[in-house]
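Undergrad: Right, I'll just put the structure down here and ask away after.
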Amino acid sequence: MASPTLSPDSSSQEALSAPTCSPTSDSENLSPDELELLAKLEEQNRLLEADSKSMRSMNGSRRNSGSSLVSSSSASSNLSHLEEDTWILWGRIANEWEEWRRRKEKLLKELIRKGIPHHFRAIVWQLLCSATDMPVKNQYSELLKMSSPCEKLIRRDIARTYPEHEFFKGQDSLGQEVLFNVMKAYSLVDREVGYCQGSAFIVGLLLMQMPEEEAFCVFVRLMQEYRLRELFKPSMAELGLCIYQFEYMLQEQLPDLNTHFRSQSFHTSMYASSWFLTLFLTTFPLPVATRVFDIFMYEGLEIVFRVGLALLQVNQAELMQLDMEGMSQYFQRVIPHQFDSCPDKLVLKAYQVKYNPKKMKRLEKEYAAMKSKEMEEQIEIKRLRTENRLLKQRIETLEKGQVTRAQEAEENYVIKRELAVVRQQCSSAAEDLQKAQSTIRQLQEQQENPRLTEDFVSHLETELEQSRLRETETLGALREMQDKVLDMEKRNSSLPDENNVAQLQEELKALKVREGQAVASTRELKLQLQELSDTWQAHLARGGRWKESPRKLVVGELQDELMSVRLREAQALAEGRELRQRVVELETQDHIHRNLLNRVEAERAALQEKLQYLAAQNKGLQTQLSESRRKQAEAECKSKEEVMAVRLREADSMAAVAEMRQRIAELEIQREEGRIQGQLNHSDSSQYIRELKDQIEELKAEVRLLKGPPPFEDPLAFDGLSLARHLDEDSLPSSDEELLGVGVGAALQDALYPLSPRDARFFRRLERPAKDSEGSSDSDADELAAPYSQGLDN
């Protein structure tokens, strides 16, 4: 459904048809070649007036754009000759657009700055952004049939978009319906951006000039090619960049006003966010905002920076006298209506502002580097927080496991004590075995001696009984050790499977093997002793018959020799078993010592790594502490310097204000003298001349009175200078997220939509006490500003 082409309102028609406020001719700013081209165009345009097609195009409803290239004072019909020339010229531009863009770009730029005629805006805007033939136009009808997740938000804000305009007034009106269609279609085309507050005002202005399909194509091109898409993204990173660049320009060109804003905590985003998001459509009336939008379509966001800084330059003196609340009201009530009668003056002021594209590119790179650095710092902080959380969890785990470790250490200590007792018993058994072997050797030596006494035999019997007793005790001790080993195995099975416990179990197993070998050796020794005892008993039985026949003596000697051989064999076997057991013990001890050394080495390496980590962490913390101290000292010095600079600049500004007021008074007097002199030159009445001479004398007397007082009699004296709020680091935003978080949402809401009834009653109550003072200050400001503005015109 296409929307008809509508004019903004009646006031816009009057403003667009008004002549240029500046009395100087624009032809003075053109080169000779361009002037010659204009003369030729005038000749061709006059010839084209005779053509019927040109006449039909001229006889329609027309509106003047408020600017022309060649001024003319003659009027022959309803449309002046100036309007006819402008219409014919813009018709030629629309028909020969490509040639004008290639060869006459400078002249085209001047024409656009003077203003595009209302009925040409639709086609010229489409040509400027190359939106005449876009593939997305064919998809528009299909997009309207789809559903968008942003429909509720769009419906909510449509009623607050141009609520006073006839085209959008009334619920479910034609204007609101086509506005909803365009916003819904774009939210489906660009799902990343979707819908953002402020974009509806731009679409609404487009719908006032062209049908909805063409408005949709132009809006898509604006979002893609004019940086608006980056402005309306959820992160609003481009808006932060624009605020950063505008703050730099404000600080460079208006340092006193910038200092005043900071001292009052009046952030740039509180008043400039809506300028960039709505392109002044919510700030100025539609005639003035449309002029700014014409230039934006050709030059981009540069005009927003220029117009914004021009507004601050014009109102610097008034803003310097206001606090934060007063400045907010001044931006909402006074600034929007300063250029209603003459938009050309605003454009002239805007192009007097210094704008350096290279410097803006450099600021963009600095902002990107700053944002990347902030992102890296946030990532590093997040990593440190994660690491800190993991360390805390590890400490809690270690504290919980500390009790278990203590219990394990106590149980290991008990096992080691029992193992020491078992080793001591094993060593005593080995000593008993050595004693038994020495006894066997003594018996063998005595066996070699044929003469044995009864005392020696009784001694051997006593030793045999003692050895049997010791053997019985050894067997009892072995049984006790076996019981203890079984008990320790049961206790070890209930303990956690740690490295030290496993090693102790291996040692216990090796000890059990050695104990088994010792038991086997003891049994074999017992058998050998039994055999030796039997042999000895037999020998004793034969000892009483040694006086028998020689044959028996020979048999006895052979038996003795056999017994000695067996004793030597038993001794050799015992020595072999002893050596094998010793080898096993040495291997076990070597294995235990190696395991112990490995554990000690692992613990030493772990402690060394922990020591290095703690040393590195301590070094980093010391570096951060020194850096923080250095930054704090620099910040304190910088704050003191800025305070002194603010005081000096404020004193200079007060002196400049006083000088400017005196200069304004002098200019007013000169203007009155010139006016009276002109009247004198054209008058023939002598009586009138005498009256004028009297008036001149009175004016001269007033001049002497005005020149008499000193320039600092007003209340703005240096004695009243005070700096209650100094700049410090706390008053400045730490990042763009905080800057946007403080001011963007509130400033955008206040700029886009009117105040609620409750807020309006609050501001009316605030205005009642200061009504008289405001009236007097406004009248004084108007009296001082009127001659100054007329002097600029002259």
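Just so you know, glycine gets a Cβ as well, placed from its N, Cα and C.
So Swiss-Prot says this about it:
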COILED    358-449  coiled coil
COILED    569-709  coiled coil
COMPBIAS  1-30  compositional bias 'Polar residues'
COMPBIAS  55-75  compositional bias 'Low complexity'
DOMAIN    115-300  domain 'Rab-GAP TBC'
MOD_RES   Ser685  phosphoserine
SITE      Arg156  site 'Arginine finger'
SITE      Gln197  site 'Glutamine finger'
Undergrad: Per DSSP, Gln197 (site 'Glutamine finger') is which: helix, strand or coil?
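TA: Looking at the DSSP assignment, Gln197 (site 'Glutamine finger') belongs to neither helix nor strand, so coil.
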Undergrad: Using all protein chains in view, find how many other C-beta atoms are within 10 Å of the C-beta of Arg156 (site 'Arginine finger').
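TA: So the Cβ neighbour count for Arg156 (site 'Arginine finger') comes to 10.
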Undergrad: Which state, by DSSP, holds Arg156 (site 'Arginine finger'): helix, strand or coil?
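TA: SS state of Arg156 (site 'Arginine finger') = helix.
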Undergrad: State the mean pLDDT for the domain 'Rab-GAP TBC' (115-300).
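TA: Looking only at the domain 'Rab-GAP TBC' (115-300), pLDDT averages out to 89.
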Undergrad: Within 10 Å of the Cβ of Gln197 (site 'Glutamine finger'), how many other Cβ atoms can you find? Include all protein chains, please.
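TA: Total other Cβ atoms inside 10 Å, all chains included: 20.
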Undergrad: How many whole Å apart are the CA atoms of Gln197 (site 'Glutamine finger') and Arg156 (site 'Arginine finger')?
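TA: Here the two Cα atoms lie 10 Å apart.
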